[in-house]
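*Asks:* The structure is given below, and queries will be raised subsequently.
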Ligand code: PAF
């Protein structure tokens, strides 16, 4: 596996692969590689000649400096895992090469509307940080296909919209969430939870299942479902921090035309904020 830090080196290697007509897949990450990432990587591995995994803790998508310094960094372990999973190139760019003029001088790629609802309300500036770094990675690597986890569902919807709006010729694939035996979605943030908190956090998935069951079988009163779900979360030791049931394509209110609903949940356990997503077939 090639490990590349410099943009110029990346460019030179990519030129060779492109001349050889290789298809290129990209899995963008912020490192701390877990089984959720490895699922994306194994699917990407099967479908392309070249697999690139980027590891970059993107400062632009964090609302506060404390969060960036607390972000788990496990570069050596990540490197071993990527090698074992037959990744061709691990791209670990440096901040000063990605943002040479600083963050405040950086041109921003922003997907309007979608970036300001749901998670966007709780995390101002977060999604424009994501779309800016992803468009930079897309321009640098020009992959044919890129893979993202469905757990960060709003991120996936926003990236799909950005690809259409900016005419990126890149196929975006969303991969279902990997869960532990208790149903907790795998996430780099889980590392911050102790054994007891991990058990408590598993209630997030249980609440999503409850919401899905209510939606399909019992009632269509979204407001009531969310109200009850919040009560269940609190009873189980979680602090709700954004629950929604919306149309999977628009992230807006469900309509009679909606084919699938997206259940999006965010809750805090101590200082750790977790998010999750579930799809519900309506028609
Ligand atoms: O989901 C993530 O890990 C990040 O938001 C991403 C897509 C790698 C952009 O930094």
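Cβ atoms here come from the backbone N, Cα and C positions, even for glycine.
Those TrEMBL annotations? Automatic predictions, nothing curated.
According to TrEMBL:
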BINDING   30-37, 149-152, 178, 186-189  ATP binding site
ACT_SITE  37  active site, proton donor
BINDING   61  beta-alanine binding site
BINDING   61, 155  (R)-pantoate binding site
*Asks:* Which recorded positions of 30, 33, 36, 37, 150, 188 contact ligand 1 in the sense of C-beta under 6 Å?
*Replies:* 30
*Asks:* Among all the protein chains here, how many other CB atoms are within 10 A of the CB of residue 188 (ATP binding site)?
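*Replies:* Around the Cβ of residue 188 (ATP binding site), 19 other Cβ atoms lie within 10 Å.
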*Asks:* DSSP three-state call for residue 36 (ATP binding site): helix, strand or coil?
*Replies:* helix
*Asks:* What binding-site residues in the list 61, 150, 155, 178 lie within 10 angstroms of residue 37 (active site, proton donor), counting C-alpha atoms?
*Replies:* 178
*Asks:* Say you check the Cα of the residue listed as 'beta-alanine binding site' against those of the binding-site residues 30, 33, 150, 188; which is nearest?
*Replies:* 30
*Asks:* Expressed to the nearest Å, what is the distance separating residue 188 (ATP binding site) and residue 155 ((R)-pantoate binding site) at their Cα atoms?
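*Replies:* Counting only the Cα atoms, the answer is 16 Å.
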*Asks:* Measuring Cα to Cα, how many angstrom lie between residue 178 (ATP binding site) and residue 155 ((R)-pantoate binding site)?
*Replies:* 17
*Asks:* CB neighbours of residue 155 ((R)-pantoate binding site) within 10 A?
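*Replies:* Cβ-Cβ neighbours of residue 155 ((R)-pantoate binding site) within 10 Å number 23.
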*Asks:* Suppose we draw a 10 Å sphere around the Cβ of residue 33 (ATP binding site). How many other Cβ atoms does it contain, all chains included?
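*Replies:* Step by step: centre on the Cβ of residue 33 (ATP binding site), count other Cβ atoms within 10 Å, giving 26.
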*Asks:* Once near-sequence residues are set aside, which residues in the chain of residue 150 (ATP binding site), 6 or more away, have Cβ atoms under 8 Å from its Cβ?
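*Replies:* When sequence neighbours closer than 6 are ignored, residue 150 (ATP binding site) has 156, 174, 175, 176, 177, 277, 279 within Cβ distance under 8 Å.
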*Asks:* Quick one: pull the CA-CA distance for residue 155 ((R)-pantoate binding site) versus residue 30 (ATP binding site), whole Å only.
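*Replies:* Residue 155 ((R)-pantoate binding site) to residue 30 (ATP binding site), Cα-Cα distance: 14 Å.
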*Asks:* Taking the Cβ of residue 36 (ATP binding site) as reference, which residues of that chain separated by at least 6 in sequence fall under 8 Å from it?
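*Replies:* The list for residue 36 (ATP binding site) reads 149, 151, 177, 178, 185, 186, 187, given in order along the sequence.
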